[in-house]
Amino acid sequence: MELDLAFLIATVIKMGLYFTIVLTFVAYAVYAERRFSAIIQDRVGPNRTMIPTSILGFKNDIKLPLGGLTQPIADGLKFILKEDFTPAHVRKHFFWLAPCMTMVPSLITIAVIPFSSPIAIEGRDVPLSMAIADLNVGPLFIFAISSLAVYGIAIAGWASNSKFPFLGGIRASAQMISYEIALGLSIIPVLLVFGELNLGRIVQEQSVNGWLILPLWNEGGHILSGGFWDAGGLQQWILWLPMMLAFIIFTISIFAETNRTPFDLAECETELVGGYHTEYSSMKFALFFLGEYAAMVIGSALIVTMFLGGWSLPFGWSNAEWLASGGIIATFIHLGCFLTKVIGFILFFILVRWSIPRFRYDQLMKLGWVIFFELALINIVLTALIIAKPALDKEGPIAFWAALAALAAFSAFVFYLAKTIDNQVGPGKRVAPVKAKPAPVN
Amino acid sequence: MPQVLFYLFSVLAVLSACLMVIVKNPVSSALWMVGAFVGMAALFVGLNAYFVGIIQILVYAGAIMVLFVFIIMLLDLKAEEKRVWKPANIAAGAVVPTILLLQILGVLLKSDFEPFQELDLKTAATAHQQASLDLYQEKAKKAGEEFDPADVPVGKIQANLEDNQLPDVHLVGRTVFAGRADKAASQSFGFDDTSNNLPLQVMGVLLVVATIGVVVLSKKGSPAKSN
C-alpha cells in the first residue's frame, strides 16, 4: 500500500485541530455551566479571574475586563497543582487505571465525526473528508467505543474499595448498559431513512435535502427519494413523526449515557457523597471530569450530525455553487456552523441540568426499559412501514393501513403487558408495609 | 493494513489472551480478555471488515464483558487469588493448545496461498456497474421493454464503490437479510448468491427462546411467589 502523503498530513492536522477544539470546549463548557447556573439562580458566578502575572514576579496582575474567561485555566492549574492523594485502602493498579479508561474512549470517538464539508484537493478524485477517519460504520463506532467507558467507571467504583464509590460505580454501569439499548435502537429509523452508516454522507444528504427533523427547505419531497416522496406536499411530514420520536429518545438517552442531570444517579451527592469518584483527587479526578464533559460534547456533536444537519447551513444555503464546490473558505464556514450548533446543544444540556430535578433510580430504569425500549422498537417498525408504503400500495389499497392497524394493536398490547408486569410485586419493588394491628385497649 | 499494524494487534491479542489465563486476579483476567477482543476487532478492521470488527467491540467488549466484570466485582472473589495451580492443570493447559497449534500448522503448511492482493475498489466499481447493467438489460428483455442505461438506478453499493470505499455494511446486509441476494454485488465480489435469510430467522427464534428462558429462570425466586 503506497503511502498517501497528503492524506497523512491532513489526518495529523485534523487530529490536532479537533482535539484542541474538543478540549477547549470541555474547559469552557465547565465555565459556561457555572455562569449559566449563576444566571438561573440569580447569582454572578466566576467573573473576576484575571491573568495572575504577580506570581511570575510582576508587580501587579493584569486587570482586564475578561468576565472570568480565564477561569478554566485557573481551574486546570489548580487540578494539576493539588496533592495527588491515593488512599491506603484502594486497589492501587485499578485505581490508577480507571480515570484513563473513562477519558480515552470519549476522546477516541471524535475520530468519525465530520466537523466540516469535504475539501476538494487537486490530484485526488475523491474530496478529502473532514472527519479524521471517514468510516462506513460511523454511529456504530461511536457506540462501540463509548461503551468501553463503562469499564473506567465500574473499576473506579470497585477499586476505591469503599461503599459509596462502589454503589456509584454499580449504578453508573447498570444505567449506561440499559440506555445503550435505547440509544442504539432509536437511531435505526434514521439509518433506515438514509440507508447509510457513513456520517459524512448522512450530513451531505441533509445538506442537500433539508435537516432530518427540520425538512423545511427541500424542493418537493422528503429526504427519501422515490416516486411517492417526490410528490411533495404533506407527505414529507408523515416521516417527520418517527424521526422526531427518534430524536427525542436519542437525546434523552444521551443525557443518561453521559450521566448528566436529571440522570446523574451515579454521582448523586444526596445519596452517595460523590459517587464513583469520591476517593479521587487532583488530576485523576480531573480526568473523570474531562471524560464526562467530553462525552457530553461528543454526544451533542452526534445529535447535531444525525438530526440537525451537521455542518450544513440552514435553508439550503450550503447548496450555493461557491459553498458546495468544496473550497477552503466553505470548509471554515461549515466548521463554524457545526461548532455553533454544538455550542447551542451544550447550552441546552446545561439548561436542562439546572432546571429539572434528579430522577429516582427505579424511575430511571423504568424509563429506559419500559418506555424507551418499547417506543424505539415500535418506531423502527413504523418507519419501515412508512418507507415501504409505495411498495405496499402495489399489493392492495388496504395493505398499508392493515399493517399500521396491526402495529398499533401490537404496540398497545406491549405497553399493556409492560404496565401489568411492572405493577406486580417483584424484586426491587416496594411492598406496602403491613399495618400493625392496633394494640388492644385493655 | 500495513503489516506493522497487523503484527502489533496480533501480538496484543495473543498476549492479552495468555495473560487472561495466567493472571490470578479475576478482574484483571476479565480486563485482559477485553484487550484480546479489541486486538481481534482490530484484525477484522485490517481485513476491511469494519462492520464485523466494530460489532465485535460493541457486543463482546462493550456489553458481555461489562456484565462479567460487574458480576466478578459483586462477588469479590478473594479465594481465586490464593489458588495454586496443580501440575495436572498446567499439563492439560499445555497439551491441548499444542495439539491445536500442530493441527493449524499442518493445515497451513499443506495449503497453498496466493499472494495477498489489495482490494481494488475501482475495478469492483466498474464490475458492479456492468453487472447491474446486465441484470437490468435482461429484465427489460424479459418484459419486452426498451432498455435505457440511464434508467438503471445508482444503488448505495455503487455509490460507495465510486467514493472509493468498501460498502461492507451493505454487502453484509444484502447477504444476510435480502430474500434473494444482490446478484450484481455477488458477481462483482465473487461470493455465492444464496440467501441467508432463513438461517437468520432461525437464529432470531433461538435468541428469543434464550431471552424468555432467562426471564423465566430469574423470575423464579422472586418474592412475588413466596408471598
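Placement of Cβ uses the backbone N, Cα and C atoms for every residue, glycine included.
Curation plays no part in TrEMBL annotations; they are all automatic predictions.
Per TrEMBL, the features are as follows:
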- A:6-31: transmembrane segment (TRANSMEM)
- A:94-117: transmembrane segment (TRANSMEM)
- A:137-156: transmembrane segment (TRANSMEM)
- A:177-195: transmembrane segment (TRANSMEM)
- A:237-256: transmembrane segment (TRANSMEM)
- A:285-308: transmembrane segment (TRANSMEM)
- A:328-352: transmembrane segment (TRANSMEM)
- A:364-386: transmembrane segment (TRANSMEM)
- A:398-418: transmembrane segment (TRANSMEM)
Remote residues contacting the transmembrane segment (A:285-308) - C-beta distance under 8 A, at least 6 residues beyond either end: 22-23, 25-26, 29-30, 76, 79-80, 99-100, 102-107, 109-110, 113-114, 139, 142, 146, 149, 152, 156, 187, 190, 199, 202-203, 211-214, 243, 246-247, 250-251, 254, 257-260, 276-277, 338, 341-342, 345-346, 348-349
Outside the transmembrane segment (A:364-386), six or more residues from its ends: residues with CB under 8 Å to it: 174-175, 178-179, 181-182, 185-186, 188-189, 192-193, 238-239, 242-243, 245-246, 249, 252-253, 256, 263, 265, 392, 400, 403-404, 407, 410-411, 414-415, 418-419, 422
Positions whose Cβ lies under 8 angstroms from the transmembrane segment (A:94-117), at least six residues beyond its ends: 14, 18-19, 21-22, 86, 129-135, 138, 141-142, 145-146, 148-149, 151-153, 155-156, 158-160, 199-200, 203-204, 207, 279-280, 284-285, 287-288, 290-292, 294-295, 298, 301-302, 305, 310-312, 318, 323, 326, 330-332, 334-335, 338-339
